[in-house]
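Taking it in order: structure first as structure tokens, then the write-up.
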């Protein structure tokens, strides 16, 4: 099952510790990261940038901006640790950059949960050419 989740999240093309981010999104939203957010709107998934279509898409936009602020770590390859305590994500890493990356991922997972009511199936597989120039971070 773990291998399937890793492959699914890799297909989405999310950055960062893909396994942890996929788990966080599943824990917070109950949705599979790959199938629900892999091509959502203009900002969810790798290489996708544009003016957010809704609050759900804005979560992904803010997540990309959060990653741009990271220093001294590689959001595509570095891994961090976190735990799930009392239905709460707890980032726990001694490396400051990995801690920041975990906090970015935690924030997007919570944002996606808080905006489940804005999730629009018509944006689930949204073509990139429909996206307008993105706002600045």
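Every residue number used here counts from 1 along the chain in the order it is shown.
For all residues, glycine too, the Cβ spot is worked out from N, Cα and C.
Packing around residue 131 (disulfide bond) is summarised by its Cβ count: 18 other Cβ atoms lie within 10 angstroms of its Cβ, all protein chains included. In the three-state DSSP scheme, residue 131 (disulfide bond) falls into the coil class. Annotated disulfide bond per Swiss-Prot: 42-131 (among others), in sequence order.
Annotation note: residue 60 (disulfide bond) sits in a helical segment as assigned by DSSP. Residues or ranges marked as disulfide bond in Swiss-Prot: 44-60 (among others).
Look at Swiss-Prot and you will find 59-111 (among others) tagged as disulfide bond, backed by similarity to another entry. Non-local neighbourhood of residue 111 (disulfide bond): 58, 59, 62, 63, each in the same chain, at least six residues away, with C-beta under 8 Å from its C-beta.
As annotated by Swiss-Prot, disulfide bond applies to 65-137 (among others), with the evidence given as similarity to another entry. Sequence-distant contacts of residue 65 (disulfide bond), defined as residues of its own chain at least six apart whose C-beta falls under 8 angstroms from its C-beta, comprise 137. Residue 65 (disulfide bond) falls within a helical segment according to DSSP.
Sequence-distant neighbours of residue 66 (disulfide bond) (same chain, six or more apart, CB under 8 Å from its CB) are 103, 104, 107, 108, listed in sequence order. Residues annotated as disulfide bond in Swiss-Prot, with similarity to another entry given as evidence: 66-104 (among others).
Marked as disulfide bond by Swiss-Prot on the basis of similarity to another entry: 73-97 (among others). All chains included, 16 other C-beta atoms sit within 10 angstroms of the C-beta of residue 97 (disulfide bond).
Cβ-based neighbour count (10 Å, all protein chains) for residue 91 (disulfide bond) stands at 19. The disulfide bond annotation in Swiss-Prot covers 91-102 (among others) and rests on similarity to another entry.
According to Swiss-Prot, the feature region 'Important for membrane-damaging activities in eukaryotes and bacteria' maps to 121-133.
A helical conformation is recorded for residue 121 (site 'Important residue of the cationic membrane-docking site (MDoS)') in the three-state DSSP classification. In this view, residue 121 (site 'Important residue of the cationic membrane-docking site (MDoS)') is surrounded by 8 other Cβ atoms within 10 Å of its Cβ, with every protein chain counted. What Swiss-Prot records for 121 (among others) is site 'Important residue of the cationic membrane-docking site (MDoS)'.
In sequence order, 36, 39, 40 make up the list of same-chain residues 6 or more apart from residue 124 (site 'Important residue of the cationic membrane-docking site (MDoS)') whose Cβ falls under 8 Å from its Cβ. What Swiss-Prot records for 124 (among others) is site 'Important residue of the cationic membrane-docking site (MDoS)', and it gives similarity to another entry as the kind of evidence.
Around residue 127 (site 'Hydrophobic membrane-disruption site (MDiS)'), no same-chain residue six or more apart in sequence has its CB under 8 Å from its CB. Swiss-Prot lists 127 (among others) with the feature site 'Hydrophobic membrane-disruption site (MDiS)', giving similarity to another entry as the kind of evidence.
Cβ-based neighbour count (10 Å, all protein chains) for residue 128 (site 'Cationic membrane-docking site (MDoS)') stands at 12. Residues or ranges marked as site 'Cationic membrane-docking site (MDoS)' by Swiss-Prot: 128 (among others).
Annotation source Swiss-Prot lists site 'Hydrophobic membrane-disruption site (MDiS)' at 130 (among others).
Swiss-Prot lists 133 (among others) with the feature site 'Cationic membrane-docking site (MDoS)'. Every protein chain considered, the tally of other Cβ atoms within 10 Å of the Cβ of residue 133 (site 'Cationic membrane-docking site (MDoS)') stands at 8.
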Separation of alpha carbons, residue 91 (disulfide bond) and residue 97 (disulfide bond) (Å): 12
Whole-number Å value for how far residue 42 (disulfide bond) lies from residue 60 (disulfide bond) (Cα to Cα): 9
Secondary structure of residue 137 (disulfide bond) (DSSP, helix/strand/coil): coil
